[in-house]
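Noted in Swiss-Prot for the protein shown:
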- 60-86: coiled coil (COILED)
- 9-41: domain 'LisH' (DOMAIN)
- 113-154: repeat 'WD 1' (REPEAT)
- 156-196: repeat 'WD 2' (REPEAT)
- 200-240: repeat 'WD 3' (REPEAT)
- 243-282: repeat 'WD 4' (REPEAT)
- 285-345: repeat 'WD 5' (REPEAT)
- 347-386: repeat 'WD 6' (REPEAT)
- 391-430: repeat 'WD 7' (REPEAT)
- 432-446: repeat 'WD 8' (REPEAT)
Amino acid sequence: MSQILTASQAEELHKSMVAYLSSIKASQSSNTLREELGIGDNFDEATCKKYEGLLEKKWTGIARLQRKILDLESKITSLQAELDSVPSMARSKQHQDPDNWLPAQSSAHTFESHRDAITSIAFHPVFTSLASGSEDCTIKIWDWELGELERTLKGHMRGVSGLDFGGQKGHTLLASCSGDLTIKLWDPSKDYANIRTLHGHDHSVSAVRFLTSTENLLVSASRDASIRIWDVSTGYCVRTITSNSIWFLDVSPSFDGKWLVAGGRDQAVTVWEVSSAEPRAALLGHDNDVQCCVFAPPASYEYLATLAGHKKAPLASSSSEFIATGSRDKTIKLWEARGRLIKTLVGHDNWIRGLVFHPSGKYLFSVSDDKTIRCWDLSQEGRLVKTISNAHGHFISCIRWAPPPRNAAAEASETTNGVSKKAPTKPAFQCVIATGSADSCVRVFK
């Protein structure tokens with residue numbers, strides 16, 4: 001023992017053993033051990049109390065460390081198997097070719113300032129600004145390249161539930177929604193002044209998205225079972241879509257703003273035509289609430305068409321061919337927009353919270369309450385090709401892709417969150433994603 005422990009460590013261990021025997025009323029054993037170890041009479045009752053429980057704490061601590069070691073060894077084995085499965089030529093190509101980029105295992109930046117869970121994030125379409133909304137009722141603006149907090153926006157009376165940048169070219173606005181029943185518009189060119197507050201929903205507003213970057217139209221989804229379309233230049237609601245859903249949780253527009261897909265608490269997903277405010281398809285198949293939904297970009301059509309059994313991919317100009325949805329049933333489903341289920345992706349261990357397509361169209365990224373980011377390869381029938389475990393310390397609530405680089409300004413003016421409105425075949429894009437979590441942190445992965 002003396003060769004492993006120092007004298008002071010050995011003394012502490014001996015006294016902890018005597019204290020443990022005393023605490024379980026094994027007086028005879030305790031006294032015998034004291035004599036054997038030469039612990040004198042100065043080890044009185046007060047000193048004994050000091051060492052009570054220490055042995056159990058060390059024992060349980062060792063057990064926790066052993067479990068952690070086993071988890072880490074399992075993760076190392078999994079990562080090594082993943083690495084071994086990729087030929088060296090392919091690995092080097094992945095670093096050179098943005099089309100095959102997957103996020104690193106660890107984040108490039110971690111932003112910490114919020115005092116409650118992160119619910120939503122959004123990238124500025126031109127500048128290196130990233131907005132984050134939280135249950136702490138604030139919005140924070142970060143420089144995601146420098147990793148610095150720029151400002152904090154206050155105005156909502158309840159938690160912020162959704163964010164999006166958009167508006168006409170040259171006049172980008174930030175829209176936010178909240179459990180306080182309002183939508184607020186913030187002007188980055190005026191130090192993010194709150195220039196307008198939109199009223200009309202009768203319950204919590206779950207999500208906001210700009211329809212396109214060339215119009216002043218904004219869509220919102222709410223717990224009041226309605227979807228509203230707003231003219232941000234006037235603040236008026238120009239169209240209301242109602243349904244039997246008890247609570248819309250998410251809404252997403254097609255890249256041309258002609259279609260909407262929305263999901264909610266009734267387990268159903270509905271595709272709506274914006275011009276007529278009429279439903280065009282119902283996507284039925286999830287076994288629990290639908291947390292997120294998104295139209296697939298045209299770049300993914302060739303892969304999704306193959307999954308759907310089609311010999312030919314739809315035209316890139318078509319804006320509403322395929323949809324991805326994520327649910328509390330722990331699955332991701334890929335659909336034809338007309339309502340046919342083509343694939344269910346299984347792998348997450350908890351609610352799916354957010355989805356984003358790789359701009360190349362080859363991959364779909366997902367985040368979940370299981371604290372992972374998962375990357376699904378659509379060119380391999382949706383095979384799970386990468387998992388970033390413990391990407392956050394708590395539930396991951398949202399994910400967004402950075403917009404195109406500044407030198408692609410013409411394209412950037414025609415994008416929303418990295419997806420081109422003009423659907424070019426080879427759009428320029430940045431290999432950057434951001435995630436937000438219930439751990440109150442925002443992380444940027446490169």
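For all residues, glycine too, the Cβ spot is worked out from N, Cα and C.
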Key: Within-chain partners of the coiled coil (60-86) [C-beta distance under 8 Å, separation at least 6 from its ends]   = 94, 105, 385-387, 389
Remark   = Averaging the pLDDT values of the coiled coil (60-86) gives 77
Remark   = Contact set of the repeat 'WD 3' (200-240) with the rest of its chain, CB cutoff 8 A exclusive, min separation 6+ beyond the ends, reads 125, 158, 161-169, 173, 175-179, 181-183, 185, 246-253, 255-257, 260, 262, 264, 272, 274, 277, 413-416, 421
Inquiry  = Based on DSSP, tally up the residues of the repeat 'WD 8' (432-446) by helix, strand and coil.
reply    = 0 helix, 10 strand, 5 coil
